Every structure is written in structure tokens, then in C-alpha cells.
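Visitor: Not my notes, these are from TrEMBL:
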type	residues	note
TRANSMEM	12-34	transmembrane segment
TRANSMEM	40-64	transmembrane segment
TRANSMEM	143-160	transmembrane segment
TRANSMEM	175-195	transmembrane segment
TRANSMEM	207-226	transmembrane segment
TRANSMEM	246-266	transmembrane segment
TRANSMEM	273-291	transmembrane segment
TRANSMEM	297-315	transmembrane segment
Amino acid sequence: MAPPKENVSLLFKLYCLTVMTLVAATYTVALRYTRTTETVLYFSTTAVCITEVIKLFLSLGILAKETGSPGRLLTSLKENVLGSPKELLKLSVPSLVYAIQNNMAFLALSNLDAAVYQVTYQLKIPCTALCTVLMLNRSLSKLQWFSVFMLCGGVTLVQWKPAQATKVQMEQSPLIGFGAIAIAVLCSGFAGVYFEKVLKSSDTSLWVRNIQLYLSGIVVTLVGVYMSDGVNVMEKGFFYGYTRYVWFVIFLSSVGGLYTSVVVKYTDNIMKGFSAAAAIVLSTVASVLLFGLQITITFSLGALLVCISIYLYGLPRQDTTKIQPAEAKGSKENLISV
């Protein structure tokens, strides 16, 4: 998926961002479809676990191609996986946080419309900004901080008067939905920046890091299955309620996770905001067509502010593809300098 050289082209970066955008928009709508229209509801915890397994095998396949031979692949795995328990422990932190985030996404989309979820979930942008400043010793311009406040205003408008009811007839709780989003936002900001720091603090292959991440993720998600749905899974089976649409959602989540890691490796978490803005528009249009979502003026204005703020926030001001050393952070004035 990623070219072997470290300095990738702008075209490759745009390609990854485009694919990630399309996958994110399709995933949101498809996930909501499986949680609101299926007569037999599958266990979301098992879906999250299967996603980690698929991402692990995909990463192994890409690493095998990267190393060029089975022998070098086994050597790489012995050195970086079996022989590096500390690295596995280090990657278990984002694995745990991502597992919580993914399960919160299922809970939120079971109680909110896809468009409402997608816009509100953009609170992860200011959360990521704060984590970037604190954890990666970077600074943000006045325009970028302004865009953060604009984003919060747009999300507030969306929550103040959310989109009208849809054709989907099922019991929903907006309070639970927004609460789940709040937890997912905090998890997204921390885990994304933490993983970016790990990726860029060493020359270890991206796919080796992914394998370390997904191994930990499988363990964490299996624990989640046992704690949340253990009794039901033992009674009804691990794949209870799975349809071709559920497998499609799992496939989208797996591919999206891989492309996200590539984008973080060769750009940064801030650049992910561009794809998020486009995904909002795409998922909103899809919600209108599939679920009969009635968009209000307030919702539209909020969504517009969110899109504009994400664009302003992503305008380049400095090289954010590398980790800045702590001593280069400079004075406090740099935090708000243009």
C-alpha cells in the first residue's frame, strides 16, 4: 500500500486521503444501516474484534511483500514482535483506547442519525489539537485556534437543534448517543497523537508497528467481548446476526484503519481533518437518500461551519510530518504565533 521510500509524493498522500474519505463516509452510513434495519442485531464487540484480526493479516501480507522473502519476514517478526515485549506493551495503550472508541462509535450510531454523528464527532479535532500541542511539542497559529472555536460553534448548532426524525422506527436515546460520542472523541484525540508519536519516533516499519498494535488490539477486544457479551456469545455464537452487510462494515473498518495509519505516518493527524469534512457531506447526502433524514437550517449552518473550520485548521503553517524536539518548542508566544 505504501511505497518503500520515506519521502512519498503529494499524489500518494492525496490518494490515501481520498480513499480514507470515501471509506469513512461509506462506513458511517453502512454501520448505521446494520444497527437500525437488521431484524437480528449482531454483537458489535465481536465485529470490532474481527476487524482487528483482519487488519493484522492484511498488515502481515503487506510486510511480507515489503521484506521480500519468508525468511526476512520471520526475522523481522522475531526481532520486532516476539523479541520486543516493551514495544508490544507500548502499543497496547492505543489498542485499548481504540477499542473503547470503536465500541462507543457503535453505541452512538445506534442512537443518532449518521449525519448528526459525523458532524458531532468532529469535536475530535480540537481534542487532537490539544493533544498535539501537549504531546508532540507543536504550536498552532491564531487562524488554527480560531478554526477550533468555529468548529465548536458549528457542533453546538448541530446539537442545539438536531436533524428531524428519520423513517427508522426504533428506540433511540440522544443523550446516550452524545455521551458515547464524547468518550469516542477523547479516545480519538489521545490515541491518534500517541500512535503518531510512536510511528515517528523511530525508523521501525509502519507495518511492524501496525502488527504490534493489532496484536494488542485483538487481546483487548477479546476481553471486551467476554465482559460485554460473553454470555450471549456463548449461547448464540460469535458470529450471531452476521449478514453480508455486517461483513461489508467490517471490511470497510479494516481498510479504513490501514489507510489511516498510512496518512498518520506520512502526513499527520491534522491532515485527517480534510477527509473528515468531505465525509460529512457524503454521509449527510447518503442519510437523506437512505434514511429519509430531514435536514434543518440550523443543522445545515452547523455542518457548514464545521466544514469551513476543518479547512482553515488544515491550512499549512509548518512542517507537521516530523516530531519537534522539546527544546525547539520555544517560548510560549510561539503557541499563538502566525
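From the backbone N, Cα and C atoms, a Cβ is placed for every residue, glycine too.
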Visitor: Between the stretches 12-34, 40-64, 175-195, 207-226, 297-315, which one has more Cβ pairs under 8 Å with the transmembrane segment (246-266) than any other?
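Guide: Highest pair count goes to 12-34.
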Visitor: Looking only at the recorded stretches 175-195, 207-226, 297-315, which one has the largest tally of CB-CB distances under 8 Å to the transmembrane segment (40-64)?
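Guide: Most contacts with the transmembrane segment (40-64): 207-226.
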Visitor: Same chain, outside the transmembrane segment (175-195) by at least 6, Cβ under 8 Å from its Cβ: which residues?
Guide: 93-94, 97-98, 100-101, 104-105, 107-112, 116-117, 120-121, 123-124, 127-128, 130-132, 135-136, 159, 213, 261, 264, 269, 272
